[in-house]
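Engineer: Sharing a structure, written as structure tokens. Questions coming.
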Amino acid sequence: MRRPLNSLIQSSAYAFYKVLTTHCHALKLGTLADVYTANKILNAYTRCKELHIARKLFDEIPHRDTVSWNTMIAGFVNCGNLETACKILKNMRRCDFDFDGYSFGSLLKGVASAYRLEVGQQLHSMVIKMGYEENVYAGSALLDMYAKCEKVEDAYTVFEYLPEPNSVSWNALIAGFSKVGDRSTAFWLLHCMEKEGVRAEDGTFAPLLTLLDDIEFYKLTIQIHGKIGKHGLAFDNTVSNAMITAYSECGSIRDARKVFDGAVGMRDLVTWNSMLAAYLVHEEEELGFQLFLDMQRLGFEPDIYTYTSILSACFEKAHKSHGQSLHAVVIKRGLEYLVPISNALIAMYIKSNNTSMGEALKLFESMELKDRVSWNSILTGFSQIGLNEDALKLFGQMRSLMVEIDHYAFSAVLRSCADLATLQLGRQVHVLAIKSGFETNDFVASALIFLYSKCGIIEDARKSFEETPNDSSIAWNSLIFGYAQNGQGSIALDLFFLMRDRKVRLDHITFVAVLTACSHIGLVEEGLNFLKSMESDYGIPPRMEHYACAVDLLGRARRLGEARTLIESMPFKPDAMVWKTLLGACRVCGDIELATQVASHLLELEPEEHCTYVLLSHLYGHLRRWDEKANLTRLMRERGVKKVPGWSWIEIKNQVHAFNAEDQSHPLCKEIYQMLGELMEEITWLDTDTGLDALISDFDEPCESCDAKLLSA
């Protein structure tokens, strides 16, 4: 079990007290002149991270040796102070002390942690110059540095020069190839390592397990688990934690739980966090909340990762109270000022519902320190709930405050441009994305495809797609949606088959896009076949949104009975989205009886949602059932439900002008209403018999220029 923080502080204080006592005794006995004794005390100070005292002692040692210098270098590296460590190395050379494998090894460790490739390359040249390229300690550290800086080819070259690579060297190389996602090379290296008779360790298997992140690797995960057991590492913390994550990623929450249960007595905080993350990935929120309580009951204090994970599960309506309780716990424990936790709270409130955006903004404004994630969360929130003007203003503010704009920010603001149909502004953001080097990013490309599709320029959407690597489903899905929504469903389906043939990984969004395409071009049977074959042929179980698409498909074909039967056969309880889709179909078909039944379900699920009342009211009005319409209006009034007014907007000279019904907020309001009045007068005049007769007589008069144009055509 993990020791509480206060016991760790006490043990650190005791270790420091012990070093001070030893130092005093050495001073009293005059043994500091002995370099071995001095180095031991020096090493103890660096381990306690008391570098200022260590530096003072180092300066007082009369006869330093290479160990003294290496101890100081290692001390500063371990405290993350690479610059000072480099200065000590230079001073070591000036004082005529030769470097050894440990000097280079310690410094290269710091370079790897800081990802300072250019410094590592300079040290590499010194290693070669001084003949240490075959030294196992220096060579392994050099290999590890290149691997962590993702220069795996250079790491492999260094590896080949090592006369007898040990397990550290092999592990560093395997970790490097695992980090860059080269699965085949990483497992080939494991095979070579075993063939050479080098024993695999926890550091061998842990990085390999990160590569097993899909259901197709489930059998391989079981094989690796068996190999881990043979090596006697089944109860190693690092390996167990990685196994939990691997099984979860491969779709088996049951196996993940087995590994977790088998680690009783050896669990650390990472074990609990790994299991928590597994539950949340598999949408087992209730089990996640129970685990969160169990870990504290057993004495494990949640850390930042625990809180950010559990908060991510609190956006569903059923768990909203949990989110508020956790917010209170965070405040009580004084953690609300930690940026990652504040970001998690902001995300939770944004995802909860549209009305919680105020809470998210309040949190954002109260943060003394904001990082890129904080800004992106609010920007994405504005974009997702339709506050697109606010999103554009925030994006401008981010640029003026020199906040780093990344692919998430570009994606959010481009989607806001798409929702507002502000093509010119969208093009300007596109140019900015190109200048920033993000135009080929999957998320940015997807947003660009969405923008141009929404504005009806499908050719430019296709161009944005072609500029991406085309190896992930994100851009493909957006383009399939784009063609479907622009009435080109056949091209959308052709893209799906091309995507499948090129072995691009399909996901649940792909099938939403495909079902949308089938719906838009009336391919009912084909769409239903896609729904039936999703799990059997592609391993993707249908979700709520797929059933909603299928209901829309049947509704457009006026097959309401089949749509109702499909809803009743769903493996889970239909949500409001599914019922709203059927209600919309009832309105189109004029089926008031079914519409009334569907509306009763919706009013039970979402009694405060105005859309249900409005749709049903329109249907009653269309069928001239005025009593029912009046009753519905009365019910709205009693429940305090108000119709949310629609907005219209227009872009003029890169400025978006937004209006809603009876709006008086625009600075040119007076002139707009005057022009509107003139237009209404003209419409009224045209609607009278005199106006129509005058207009018809104008059309009856022969027009030579028109006749000439018709003849030439």
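Even glycines carry a Cβ here, placed using N, Cα and C.
TrEMBL: automatically predicted annotations, no manual curation.
From TrEMBL, here are the annotated features:
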- 65-99: repeat 'PPR' (REPEAT)
- 166-200: repeat 'PPR' (REPEAT)
- 268-302: repeat 'PPR' (REPEAT)
- 371-405: repeat 'PPR' (REPEAT)
- 472-506: repeat 'PPR' (REPEAT)
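How buried are these features, and what lies next to them?
Structural biologist: Over the repeat 'PPR' (65-99), the average per-residue pLDDT in this prediction is 90.
The residues of the repeat 'PPR' (166-200), classed with DSSP into helix (H, G, I), strand (E, B) and coil, number 26 helix, 0 strand, 9 coil.
Sequence-remote contacts of a segment are chain residues at least 6 beyond its ends whose Cβ falls under 8 Å from one of its Cβ atoms, and for the repeat 'PPR' (268-302) they are 1-2, 4-5, 237, 240-241, 244-245, 247-249, 253, 256-257, 260, 309-310, 312-313, 316, 319, 322.
For the repeat 'PPR' (371-405), same-chain residues at least 6 beyond its ends with a Cβ under 8 Å from one of its own Cβ atoms are 339-340, 342-343, 346-347, 350, 354, 357, 360-361, 364, 412-413, 415-417, 419-420, 425, 432, 436, 656, 658.
Outside the repeat 'PPR' (472-506) by six or more residues, the chain places 214, 442-443, 445-447, 449-450, 452-454, 456, 458, 461-462, 464-465, 512-514, 516-521, 523, 526, 538, 540 with a CB less than 8 A from a CB of the stretch.
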Engineer: DSSP helix, strand and coil counts for the repeat 'PPR' (268-302)?
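Structural biologist: Helix, strand, coil within the repeat 'PPR' (268-302): 26 helix, 0 strand, 9 coil.
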Engineer: Tell me the residue counts in helix, strand and coil for the repeat 'PPR' (472-506), as DSSP assigns them.
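Structural biologist: Residue counts in helix, strand and coil order: 26 helix, 0 strand, 9 coil.
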